[in-house]
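Features reported for this protein in TrEMBL:
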type	residues	note
DOMAIN	9-391	domain 'Major facilitator superfamily (MFS) profile'
TRANSMEM	7-24	transmembrane segment
TRANSMEM	44-64	transmembrane segment
TRANSMEM	76-98	transmembrane segment
TRANSMEM	104-121	transmembrane segment
TRANSMEM	133-155	transmembrane segment
TRANSMEM	161-183	transmembrane segment
TRANSMEM	213-237	transmembrane segment
TRANSMEM	249-271	transmembrane segment
TRANSMEM	283-301	transmembrane segment
TRANSMEM	307-325	transmembrane segment
TRANSMEM	346-363	transmembrane segment
TRANSMEM	369-390	transmembrane segment
Amino acid sequence: MTKKQQQVLIVILGFIAALGPFSIDMYLPGFPAIAEDLKTDDAHVSLTLTTYFIGISVGQLVYGPLLDRFGRKKPLLTGLAIYALAAIGCALSPNIWWLIGMRLILALGGCAGMVAYSAIIRDRFPVDEVARAFSSILLVMGVAPVLAPTLGGIFTSAFGWRSIFVFLFVIALILMVVIRFFLEESKGQDREVSLRPEKITGNYISVLSNKDFLLYGLSGSIAMAIMFAYVSGIPFVLMKLYGVSESTFGWMFGMNAFGFIAGSQLNRYLLNRFDVVELTRKTSLIQLVLTVIFLIGVWRFELPLPVFAGLLFCILFLLGFINPNSTALSLRPFSNNIGSASAMNGSFKMGAGAAISALMGIMHDGTNFPMVLLIFLMSFISFMLLLATGKSPRKALRFRKKAYE
């Protein structure tokens, strides 16, 4: 690919990847309106987020083999069609249980893009460029968490919360047109890839048996669970505990998203100077130290909003390094079964997200402590898994093209 072709591909894949964050972040400001309109409580509205994470986690395992068997575009277009129909179903919800079910189907359709974009990156980029490519993707998809809460607040105020899902329906249709006419297929159909359950299971077992995939995949997924703890808990913390308005919440949420994206872009630059695992370990350690300070702060003191927001910003900034690097490292060993490996990696992330969002509901005690405690625990476990790789940061941690291509 030429440089221009790479840039166009990054933009398209970035918007495909952004559909997932849009589906989460855009309707967060509408939680109170959903609860009032459907005559339910905050806990039941939160279930729409939990079921979405469950749907994405399970659905990616289905799309992985399909992407290896039928190529990247057909399963992706099918998933977006399911997503579009489910978005209309969400907009027409007569009660909370219907909305919960439609959110599950929305996730099962939308997760096709989450598997496909990472598989296409691994198809089209040299192995030593994959981490930078993922960081570039984060720059594009970072538009979603910056704009989505603000747009969600505007749509909710002006047209009602149901208009959010009409907007997502339109976005899905636009993406389908772009993919159909402007995205080249990166992997043709492979009839040798079996869709028999025992063969699919065997492929996933083979992926899981790779130590690098397992440790880096789990480490990155648990680190990303920090984001899910944040997303699940921050509406309550900011709007109810600190009393910020919906518009201020959207602005603050966007600033934290900017921090995450800024970290990913600085990561691209620093990858020219540091080994990818060395950089990942160092940023993970710094993040762990900050989460310890954060935990002590909310436990022993009543942190003022600027301090609370500043620590959270720094933690998410460092996540911008850890997420793309751990994803690249987990996929590094594979030249075959890339779709299955990408699906399993994504399933790890969304499975962690579902567990954390459920824990947030269980641990909710009317304070900010449960959210911060989970952020600390996820950072600690993620760092321990990085150490468990047992690799030297100057020798075994470098990309070796010959070994992995």
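Cβ atoms here come from the backbone N, Cα and C positions, even for glycine.
Predicted automatically and left uncurated, TrEMBL annotations should be read as such.
Since the structure is predicted, the reported quantities are computational estimates derived from the model, not experimental observations.
Sequence-distant residue pairs (6 or more apart) of the transmembrane segment (283-301) and the transmembrane segment (369-390) include at least 3 whose Cβ atoms are under 8 Å, placing the two stretches in contact.
Looking just at the domain 'Major facilitator superfamily (MFS) profile' (9-391), the mean pLDDT is 88. The stretch from 44-64, 161-183, 307-325, 346-363 with the most CB pairs below 8 A to the transmembrane segment (76-98) is 161-183.
The transmembrane segment (307-325) is not in contact with the transmembrane segment (161-183), judged by fewer than 3 CB-CB distances under 8 Å for residue pairs 6 or more apart in sequence. The stretch with the most CB contacts under 8 Å to the transmembrane segment (369-390), chosen from 133-155, 161-183, 213-237, 346-363, is 213-237. Taking every recorded stretch in 44-64, 133-155, 249-271 and counting its Cβ pairs under 8 Å to the transmembrane segment (161-183), the highest total belongs to 133-155.
Among the stretches 44-64, 133-155, 213-237, the one making the largest number of Cβ pairs under 8 Å with the transmembrane segment (249-271) is 133-155. Long-range contacts of the transmembrane segment (44-64) within the same chain, counting only residues at least 6 positions beyond its ends with a Cβ under 8 Å from a Cβ of the stretch, are 20, 23-24, 31, 34-35, 38, 75, 79, 96, 99-101, 103-112, 114-116, 204, 228, 231-232, 339-344, 346-347, 349-351, 353-354, 357-358, 360-361. Long-range contacts of the transmembrane segment (213-237) within the same chain: residues 24-25, 28-29, 31, 42, 46, 49, 53, 207, 249, 253, 256, 260, 284, 287, 312, 315-316, 319, 322-323, 325-327, 329-331, 333-334, 341, 344-345, 348-349, 351-353, 355-357, 359-361, 364, 368, 370-371, 374-375, 378-379, 381-383, 385-386, 388-389, each at least 6 residues beyond the stretch ends and with a Cβ under 8 Å from a Cβ of the stretch.
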